[in-house]
Amino acid sequence: MENFVLGRGRKLFAQHLKDYEPQDPLYETYTDSRGRQKRRKRDLPPGLTPRDAQILKSVNRRAHYLDKGFRILGMRFGWTFVVGIIPGAGDVADVCLNYFLVVRKAKQAGIPDHIYHRMLANNLISATVGFIPLVGDVFLAIYKANSRNAALLEAFLRERAEQLQKEIEEAQRAAAQMSVVPGGPAEQRPTQKKESSRWFSRRGKSANIASAAKPPAHRPSGSGDSRFVEAVSS
């Protein structure tokens, strides 16, 4: 009975820790057709720019190996746990690795200040508890500050990509409506051109009709006869 209670307690404790841990930034777990648990690389959020996709890939890969690169007895841990075993120097090295490999890289994506500060807070918690001998190392293996920071970056980039896609769709709809509105700019120019050409053609026709209807001008006969009389008399 005692063994059953202890075993049940361990399972509940392990399940609680698993729920508390952040997700793996590089891999996801799925169940195949035979009911077996397997893992595969996680897909990037849709709509990311090539630059954002490259930054997120790099951050996810680094965070994975820093937090979950190894697995022993069903427990995953990374280089932060291995380096943190070294008293004093290991904790300082962990802080440097977390910042230069993950946080500084994530900052290249143009994250806002509040997300940047949350990343620094995760590193501060990890560094503060990490100075506690043994307990701090176990906490680092569970807390996984780098995976949490990678999740913050992914959530921000996903939201920004969705917002950009909405703006593009709204601009396309506005352009489509402008092209079909009666009397819009696209239809006014041809109409004005046709009306002006018709006006000139009507004016030209009126001028031709007026010139055709006008009687020819006659020269006065007096001047010509006087010359003839003068020539004969002389």
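Each Cβ is built from the backbone N, Cα and C atoms, and glycine gets one as well.
The region 'Disordered' feature in TrEMBL is assigned to 28-47, 175-234. The transmembrane segment feature in TrEMBL is assigned to 77-100, 120-143.
Panel annotation: around the region 'Disordered' (28-47), residues 53, 56-57, 60, 154, 157-158, 161-162, 164-165 of the same chain, lying at least six beyond its termini, place a Cβ under 8 Å from a Cβ of the stretch. Beyond its flanks by at least six residues, the transmembrane segment (120-143) meets 17, 20-21, 75, 77, 80-81, 84-85, 87-88, 90-91, 94-95, 98-99, 103, 149 of its own chain at Cβ-Cβ distances under 8 Å.
Long-range Cβ contacts of the transmembrane segment (77-100) within its own chain (Cβ-Cβ under 8 Å, at least 6 residues beyond either end) map to 64-71, 123, 126-127, 130-131, 133, 136-137, 140-141, 144-146, 149. Look at the region 'Disordered' (28-47): DSSP puts its residues at 0 helix, 9 strand, 11 coil.
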